[in-house]
């Protein structure tokens, strides 16, 4: 990932450490601008509605660029301020600029905790009061693993910038037996000396699946840095213009833009259920992919239309099986009508299917 050294910084007083490094550039690449034009009084109602929608979308994007989020390096640092980003990669670059580190060293971010807590991972959205902790590269290690069974026992996710890492280890699995060496949060950098940086986490899972049972393979992993000191975030008021918190979130979209929206509890439940299916069938966890699947289901009335929408979208390259599509639709349909039981929690007998990496 490129590191942009050209930046402008300012220093402000902090109630925590005395110094808060911050970025002052607030222009996000995904933000839209609104240009006013002289129009005639004879505009029809359809044109008016179209202009209104464009204006609303532009205002949301502009509102997003005004937001300022507090952040720290998870292993310890002063508090920084970041703003003006519209996707995960831009956020990593803003954090890197703030703390004067290469963006390529950031593995992933957690919200409101410096711990490696996979339930607090930064995904497709950030609530306006969230405090961001960036976990950076620490010690690298190479491990020889004997694939004694089909299921290694790993669920893999992605940091949004090409770094696959371990989100979950199944109890009793091969990986669990090596838990002093293989840990949740470890970035998978190489498999048998072949780099997997920059490829989809689904493809990483496929590579691990394809290794024959009985074979020994080498994993190069990079642990998140856990050394240093920890500064707890201070209680603070929002410094984000007229944007109020509580029921709003900054949402990253697949088109590269970000907008401030009301928290959608139904969508959050849907993403959680879809992610459960992604883990069961594909051994990956990806809130952004789950959110795209949910959005593709909108206004669809049957599984056939839903399958067609997926095939014609950018995620059609995943080549989801018919069984997976129907299970997705069943879960989504339950959520839409309020049954919310769509996909049950994985039981012990299901774990091998879910983690057959």
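The backbone N, Cα and C atoms fix where each Cβ goes, glycine too.
Annotated compositional bias 'Basic residues' per TrEMBL: 1-12, in sequence order. Annotation source TrEMBL lists region 'Disordered' at 1-59. The annotation compositional bias 'Low complexity' is assigned in TrEMBL to 13-37, 44-55. What TrEMBL records for 142-210 is domain 'PDZ'.
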Note to self: For the domain 'PDZ' (142-210), report the average pLDDT of the model, please.
What the structure shows: 91
Next item on the list: Mind tallying the domain 'PDZ' (142-210) by DSSP state, helix then strand then coil?
Entry: 13 helix, 23 strand, 33 coil
